[in-house]
Every structure is written in C-alpha cells, then in structure tokens.
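This report concerns only the one structure given below.
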Amino acid sequence: MAVENNTQRSYSIIPCFIFVELVIMAGTVLLAYYFECTDTFQVHIQGFFCQDGDLMKPYPGTEEESFISPLVLYCVLAATPTAIIFIGEISMYFIKSTRESLIAEEKMILTGDCCYLSPLLRRIVRFIGVFAFGLFATDIFVNAGQVVTGHLTPYFLTVCQPNYTSTDCRAHHQFINNGNICTGDLEVIEKARRSFPSKHAALSIYSALYATMYITSTIKTKSSRLAKPVLCLGDLCTAFLTGLNRVSEYRNHCSDVIAGFILGTAVALFLGMCVVHNFKGTQGSASKPKPEDPRGVPLMAFPRIESPLETLSAQNHSASMTEVT
C-alpha cells in the first residue's frame, strides 16, 4: 500500500524528455561546436595602439603548453561534479535515514503499465543533465562575448608583430584600426583577439559552484563538521587558482578573469536555484501547507459577552417548555 501511495502515473515524462529536453540539449551542444571548432562566427577586429604596454607581454605559447591545459581543465571540471552527484545520490539512497526523506520528496513514476522510473535514476539524470547543459551554455556565452568584443590578449602585439616602420605606427598615440598591419601567424593572431571574458575562469567557477551548491544542499553529515567545508572550499579554491594562472601566464587580463567569474557564477546560481530548486525533490514544495487566505480572517477578534436580555429570554423559554410538557 505504501508503494502505491508513493507511485505517480505519467504518460508524458518520457516523450517530453526525448522530444523536448534532448532536442534542446542537442541544439546547445551543436551551437557550442560551431563556436569552438568552426569559423562560422567571425571575431570582431578591434583596434590598438602600436606602443600599448598592456599588449606587449611575452607570448606564453599555445594553450596546450599552459600549466592548466584545456584537456586537463575540461576533464576535471566535467568529472568532478558528475562524480560528486553520482556518489552522493547513491549513498543517500542506500542509507536508511536519508532514503526515507528522499522517497518522501521524490515519487516513483509509472510510465505506461510496466515501466517504473525510480527516484534515484530521476535525480541523477536531472542534476547531471542540468549541469551538462549549463556547462555548454557557459561555453556559448563566453565564446559569444569573445567574438563580439574581440578584446586583445596581453601578448597581442608580440604575436601580431606590426610593421613599426609604417606610417600608421610612427605616431605613438595613433589608434590603429587596420587589421592588415600585423605580420605574424594569422591563426595565433586570431586566438589573441579572444580574451574577454576568460573561458577558463568562467567554466571553472561554474563547475566548482554547482558542485558546492549540491554538497551544501543535499549531503548531511552529523559526525563530521569539516568534511563539507573542505570539499566546497577546495573546489572554489581550485577555480580561483585557475583564474590567477591565466593572469600570471599573461593569457588574460584581470578584467577578463573577473568577468569570467561573474558569468560562471550567474549561470550556476540560476540553474541551482531556479531550475533544480536547490537540489530538492519535486514533491518538496507540495508538502508545505498553503497559507490561509487573509481575506477571510477578521482584522481583530473580540470576546463575546452574553446579553442579560438573552439570558432572561432563554430562561422564560425553558420554563414555558416545562409547563407544556
């Protein structure tokens, strides 16, 4: 009987997942692919001063030569929250004290007449799926900002190698709008025009903050008071150091890293609070009692005082009834 009370029939959850959510996810991944791997979106050509000291830092090499390479970054920021959510959900499901509250918040879904979707499977797919969507969405926002602004990296003039003997560069305070003045490698120059906001900073803080919100909202540890702070602060510190590494290697300006942190934080907070509702179950809000309508409540209640006339009338009525009987 308890299983029947905790079961909800739904014929739309699987079609909605296949034809709506998977389509949106595929479109997001496809758009991120076009930003990353194709020349569909051309970078804005931003002008510069030939003697700008902020753009004359030494060339740090390719991204693969960085202390935090893109491959290592993407693997860590994708695997860490996924592993935390997977291990956390399985642990809570098999621990008796947390399993009861989990079942109370999340109902078993019956699709058709034979297929059951357990609360464990639904929560894992929901939380990891939203995280993956936010990861690609953050990447799209970053690439869009870099393409639109065309902000120059600190080493731009080093790889641009402008012709300083030309008429345009002879004047120290002349602003150069001509992109053809550069004589360096065109591929490296194009990458040097994509600095704002910092992709490493945005993705790292998004991943760290999403994992931190999950840990603080779902994992309950009464025996240890320092386990959760260590995990959360460790993730946030790693993201912070990733941004500092971009500045120390002259790959981004401080403003680029700060903008990346703000962007990643905004996406993580929006998804964590407004989409997955602080990682609570779908039945969590339904169990709260509805507030009483204030229109039906009197502004002030006074005690009722019985009138002497009413008392005398009641006594006479009872006496008359006695005489009749």
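Glycine too: its Cβ is placed from the backbone N, Cα and C atoms.
What Swiss-Prot annotates here:
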- N5: N-linked glycosylation site (CARBOHYD)
- N163: N-linked glycosylation site (CARBOHYD)
- N316: N-linked glycosylation site (CARBOHYD)
- S307: phosphoserine (MOD_RES)
- 13-33: transmembrane segment (TRANSMEM)
- 67-87: transmembrane segment (TRANSMEM)
- 127-147: transmembrane segment (TRANSMEM)
- 201-219: transmembrane segment (TRANSMEM)
- 226-244: transmembrane segment (TRANSMEM)
- 257-277: transmembrane segment (TRANSMEM)
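With a cut-off of 8 Å between CB atoms and residues at least 6 apart in sequence, the same chain places C169, I181, T183 near N163 (N-linked glycosylation site), listed in sequence order. Highest Cβ contact count with the transmembrane segment (257-277) among the listed stretches 67-87, 201-219, 226-244 falls to 201-219 (criterion: pairs under 8 Å).
Same-chain residues lying 6 or more positions outside the transmembrane segment (226-244) and placing a CB less than 8 Å from one of its CB atoms are 68, 73, 76, 80, 84, 198, 200-201, 204-205, 207-209, 211-212, 215-216, 219, 257, 260-261, 264.
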